[in-house]
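Undergrad: Sharing a structure here in structure tokens format.
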Amino acid sequence: MGKNEIVAMILAGGQGSRLGVLTKKLAKPAVPFGGKYRIIDFPLSNCSNSGIYTVGVLTQYKPLELNAHIGIGEAWDLDRAHGGVHVLPPYQEEKGGEWYKGTANAIYQNIEFVDRYDPEYILILSGDHIYKMDYTKMLDFHKEKQAEATIAVIEVPMDEASRFGIMNTREDLSIYEFEEKPKNPKNNLASMGIYIFNWKTLKKYLREDESDKTSKNDFGMNIIPSMLGNGNKMVAYPFKGYWKDVGTIDSLWEANMDLIREDNELDLHDEEWKIYSVNPVRPAQYIGENAKVSNSLVVEGCVVNGQVESSILFQGVQIGKNSVVRDSIIMTDAKIGDNVVIEKAIVGSGAIVRKDCKISLGDEIAIIAAKEEVKMGTVIENNKAV
């Protein structure tokens, strides 16, 4: 097997329990986003756009839909004879296998895969964040600083810093302390869960960590503190673009709504940095004679006969006559009947809302699970899936 300078590993096994019924039957990275994407499309596209063509995707929880979506990686130009994309479930041995015990253990179980390409560096990514990043710039920074580990960081509001892993740095951006969700943070440089390591160095720490039976086998809790404690040079790479952890209902809704704001930082129309995905061929969308659509994303295959305001309609969505959909996300192939009102909701893929229903919880976000049916005349008054 030939040598690669860098191999990317995407941690995509998360259950996404905070997304409730939206991840009941699929992994968090497979959750639909932005009308025609899935969350995993962002790190995969970033890798391809950065010229990184050897990518491992580490799956675990409910992987079938995610595996089918990735396939051989053709959508991201990752269907390659050398390298390409590889889906990597927890390793199975003759004595039996087990789930990944933590983020570090997930990489440890795939040391043999990485070693096939003999890389100088390894890029560790999360499969559940929305952002666009040129990883080659981060790698150049890592080399320039002669670091053994580089961690991408982003400034967050100080009153939210206690929700993140915080990097305390010197003026030269070298890291002298890492605090996991500190009660009283010293600064607001939050880890983005994006790491570049010198592979030989990381491999040594992974093996040591695996032999420690008290370890949580986690990068934030174990690997990074160990490297800092031993004096390995670690630096913070500041990122200035759009980045969103969409691990909660609120953040997923907000990230989708960001796409229809005038000051949208993500800009999915950027021809220089496209986000790729797998989408079936659909007919053009149809907007009925009495329909009204404003400030919304309406993609292929949609049929709209009602009113749609500040919403995102995924492929194949149908909106009935005299219905109003406002501030909502309607996922693939969902069907909304006649005389329905839906406000500030997420309607899962394939769900059916029969006629004469009202779904509106004021400031709360209403959730309808994928493939669920809301019966005719239903009024949803609490934040529970039907």
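Cβ coordinates come from backbone N, Cα and C, glycine included.
Swiss-Prot lists these features:
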type: BINDING; residues: Tyr100, Gly165, Glu180, Lys181, Ser191; note: alpha-D-glucose 1-phosphate binding site
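On this model, are these features tucked inside or out on the surface, and what's nearby?
TA: Long-range Cβ neighbours of Glu180 (alpha-D-glucose 1-phosphate binding site) (same chain, at least 6 residues apart, Cβ-Cβ under 8 Å): Gly165, Gly220, Met221.
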Undergrad: I'd like the number of other C-beta atoms within 10 A of the C-beta of Lys181 (alpha-D-glucose 1-phosphate binding site), please.
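TA: Around the Cβ of Lys181 (alpha-D-glucose 1-phosphate binding site), 12 other Cβ atoms lie within 10 Å.
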